């Protein structure tokens, strides 16, 4: 048993990197809506007054990429020229090419069971019993803070809030269990006229306290609100944004390993996305069944080959079974070939934009099929 502190961060939908992720997934969604078999690897770069969309896309449908980009930027909240970045007047440049035929030959024109992996890849999935969503507590609560900030901004409850924001939550663990929140860092972009003391009070009383469990807050919990003292200039005016630069925010907040591949902008034949969802699905059902308190799954693939190269389950000594026995159960009951993952998790009919902010895992929306606990009986019978 260990005693330690652990920190995870989240960022808002108005953070530059998250703008890029959401645009990439908005393009993906628009293509899959009309062409479920479209091949998409869409990357986005945002900076002051400019959005550049590039990548490899093969589809039989037409997508007005410029309009998709502008609509998404407005939806996020950059709809005022005074913010320095505005969906109505920023430049939008598109540089799209077709998917390489060398890659396509491994995944196209194959029956569902024989669709090969689009690249060599290793992915990880994780679950633990720290929260009701079976996610690590630090990232779970960091995401909730960002959701609350966006809600108060969009509902005009705190009219001085602006889209860019970040949160960071540190929890103290005893015997591997979270017992108290040690500190909360929250930085939010704001109107230039709001006073710092009013901002700090509002963030603590309207964002932090209604969001975080009272039993985890205590008199010594530290609140660090806009520590630099001013955060007026934000979004792409302050920092460039790129698709795939928040992969730890997107996954488990650093509590679990990461294979390195990002998720957003990729159709489900890209196994760094679809197989990572599958790995989470397996890990969550293992923990949800009560078989283990913590579980991390690794799956690896070779390009053009359907079946995984390797599968490994690590339960950190919290399972009734050995890691070898758990891995054997997984390979017996879960089909991890790309085509079967796509079919079983309904990955051709998703709204991927929903995943592009506030994390890909631990969500309650029915759209997140990899969060279902419909395989727990496999492990409960052990």
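Every residue number used here counts from 1 along the chain in the order it is shown.
Including glycine, each Cβ sits where the backbone N, Cα and C put it.
Database features (Swiss-Prot):
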type	residues	note
BINDING	15, 164, 165, 166, 230, 231, 239, 245, 246, 266	ATP binding site
BINDING	17	Mg(2+) binding site
BINDING	43	K(+) binding site
BINDING	56, 99, 239, 270	L-methionine binding site
REGION	99-109	region 'Flexible loop'
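Structure with Swiss-Prot features highlighted.
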{"residue": "15", "record": "ATP binding site", "DSSP (3 states)": "coil"}
{"residue": "43", "record": "K(+) binding site", "DSSP (3 states)": "strand"}
{"residue": "56", "record": "L-methionine binding site", "DSSP (3 states)": "strand"}
{"residue": "165", "record": "ATP binding site", "DSSP (3 states)": "strand"}
{"residue": "230", "record": "ATP binding site", "DSSP (3 states)": "coil"}
{"residue": "239", "record": "ATP binding site", "DSSP (3 states)": "coil"}
{"residue": "246", "record": "ATP binding site", "DSSP (3 states)": "coil"}
{"residue": "270", "record": "L-methionine binding site", "DSSP (3 states)": "coil"}
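For the pair the residue listed as 'K(+) binding site' and residue 270 (L-methionine binding site), the Cα-Cα distance reads 14 Å.
Cα to Cα, residue 15 (ATP binding site) and residue 56 (L-methionine binding site) are separated by 25 Å. Residue 270 (L-methionine binding site) and residue 17 (Mg(2+) binding site) have their C-alpha atoms 21 Å apart, to the nearest angstrom.
By neighbour count, meaning other C-beta atoms within 10 Å, the densest spot among the binding-site residues 15, 230, 246, 270 is 15. For residue 165 (ATP binding site), the count of additional Cβ atoms within 10 Å of its Cβ stands at 27 [all protein chains shown]. Mean model confidence of the region 'Flexible loop' (99-109) amounts to 60 (pLDDT, 0 to 100 scale). Proximity note: of the listed binding-site residues (56, 165, 230, 239), 239 have a CA within 10 Å of the CA of the residue listed as 'Mg(2+) binding site', given in sequence order. Each of the binding-site residues 17, 239 was ranked by the number of other C-beta atoms within 10 Å, and first place falls to 17. Annotation for the binding-site residues 43, 56: lowest Cβ count within 10 Å of the residue's own Cβ, 56.
Note: the CA-CA distance between residue 230 (ATP binding site) and residue 56 (L-methionine binding site) rounds to 40 Å. For the ATP site, whose binding residues are given in the record as 15, 164, 165, 166, 230, 231, 239, 245, 246, 266, the maximum C-alpha distance rounds to 36 Å.
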